[in-house]
Structures are given as structure tokens and as C-alpha cells.
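Q: Have a look at this one.
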């Protein structure tokens, strides 16, 4: 019995000695315990960058850090291993126990990585907008000199010269043409409003052009619609109507200025006129009485 126990103890010691003698290399300052060990990822935290791998042979949990991953998924931005993924790694001796190093996929392929790890955006490697080339100014000057020489030799028309201009000049008009784009609705609405204004003026004053111009101006700038120009129209129409009425009444009635003068003179002369008027009235009454008395006397004498 004692011999059997001794042989069983010697076998594990021999296995450990072989395992220790096989990996002669070291990873940094850490001693390598085993190489090319297969295991299953128990869990891995992408944010903290560490996790544990369960060895398939000994069912032991081995600590793994993201820096130990040798071949990462090229599509992933961060180094990581996925939960439940089968990986191949080396076991080294760490400060607090066994650690994994040189982590790869089976047979040295890149690991799949965690599904929570961010993907790498390839289009960010190349900028969308690039500056002009270094020899851009020299080429531009050469092009200008060549264009001038061609113009002097062949003397092309204006359309040809515009077509031969460099492309960088064509970029500027769109920036300047944005301003009139914002004003186009006003220009497009202006004639419509002008027609409406002309239709409204045709009922009252079609012959004169001032009201129509004012309406066109209002259509171009609508903020002046509620301003004083609207109040001026009835005044002008009223003045025109007064002028027409005055033209009709000039034949029958004197102008208003003369009326005021007559009334004013009448008020001034009013205190002096009563005496004279009374005297005239008395004289007229006496003469009328005499005239009436004389025919009566003549009639009486005739009888």
C-alpha cells in the first residue's frame, strides 16, 4: 500500500516538473506557467477592461486584462473578449494568482470581441474635406498666363472667355446668390399686389398715377400697409371730389374765400349799417306813403 501511495505522489510531481520545464520564455517579469491553453470566457467588462476565463482542462478561473489580448477584432475600437467565447491563451504567474497573456482565438485567429464594445468607424480615418494641393497657386498662375496668351492670340468671344475661367471662381456666385433667393417671394408677390392695387384704384381714380405707385410700394414692403400712406388716399380722393364739386358750383356760387370776406366785412360794418338802413327804410316808407296818397287823392278828385 505504501508503494502505491508513493507512486501516485511521484506522478503529479513529475507532471508539474514537465509543465514547468516546457515554457522557458517569460512574459515581461512574469513567469509562464502554461502555453496555448483553451478556455471559455466567463465574463468580461468592457468599461473596466478586465474579466475571467475558465480553463477547459482544470476548470480554473484565470484573470484576464484587456492589455493581454494579442489579436483583437479589427472591427472593434477597444480590446475585449465576448462572454462565452472560446479563446486560446498563455497562463502566467501574477501578483494575486494566475493571469492570462497573449490571448487570441483558437489557432491564433483574432478574437471576436464583446458585443458591447464600440465598432471602429473606418470613414473617420480619411477627412471628408481636404485642402488645396501645395502647388495650387503655381498651377493657378500658370493657367491664368496661358489663358491670357490664348486670348491675345485668338481673341475669343465673351462666352468662350467665361468658359475658360478656373473652377474656383464658380464657387463664389452661389454664396452671393443666396441673398436674392430670400427676396424672391417679395418680387413675385409685388406684381400681384400691384394689380390688385390698380384694380382698386380704377374704381376711384384711374387717371392719376400716384395712388397706383403708392400701392406698388406697399406691395413691395408690406410693413407700410398700416402706416400713414393708407390715410392719405381718402384725403386725396376727398380733395379731388371737392375740386370737382367746386368746379360745378363755380358758375352758381362764388368761391369760399369771397364768402368769408363778405361775412367778415358784414360783421365789421354791422354797427354802422343799422342807422343808415333804418334811415333808408324810413325814407322809403315816406316816399311810398306819399306815392300811395297821391293817387288816392287824384282818384277822389276825379270822382
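Any Cβ shown, glycine's included, is placed from N, Cα and C.
Taken from Swiss-Prot, the feature compositional bias 'Polar residues' covers 1-12. If you look up Swiss-Prot, you'll see 1-28, 98-303 marked as region 'Disordered'. Annotated domain 'CSD' per Swiss-Prot: 39-103, in sequence order. Under the heading region 'C5-methylcytosine binding', Swiss-Prot lists 43-48, citing similarity to another entry as support. Annotation source Swiss-Prot lists site 'Important for C5-methylcytosine-recognition' at 43, citing similarity to another entry. Taken from Swiss-Prot, the feature compositional bias 'Basic residues' covers 122-132, 220-229, 258-270. Marked as compositional bias 'Low complexity' by Swiss-Prot: 133-143, 173-187. Feature annotation from Swiss-Prot assigns compositional bias 'Basic and acidic residues' to 271-284.
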Q: Which residues of the same chain, at least 6 past either end of the region 'C5-methylcytosine binding' (43-48), have a Cβ under 8 Å from a Cβ in it?
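A: Distant Cβ neighbours of the region 'C5-methylcytosine binding' (43-48) are 64, 78, 80-83, 114, 116-117.
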Q: Restricting to the domain 'CSD' (39-103), report the mean pLDDT as a whole number.
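A: That region's mean pLDDT is 91.
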Q: As a quick check of your reading of DSSP, tell me how many residues in the domain 'CSD' (39-103) are helical, how many are strand and how many are coil.
A: 3 helix, 34 strand, 28 coil
Q: Within the chain of residue 43 (site 'Important for C5-methylcytosine-recognition'), which residues six or more apart in sequence place their C-beta under 8 angstroms from its C-beta?
A: 51, 52, 83
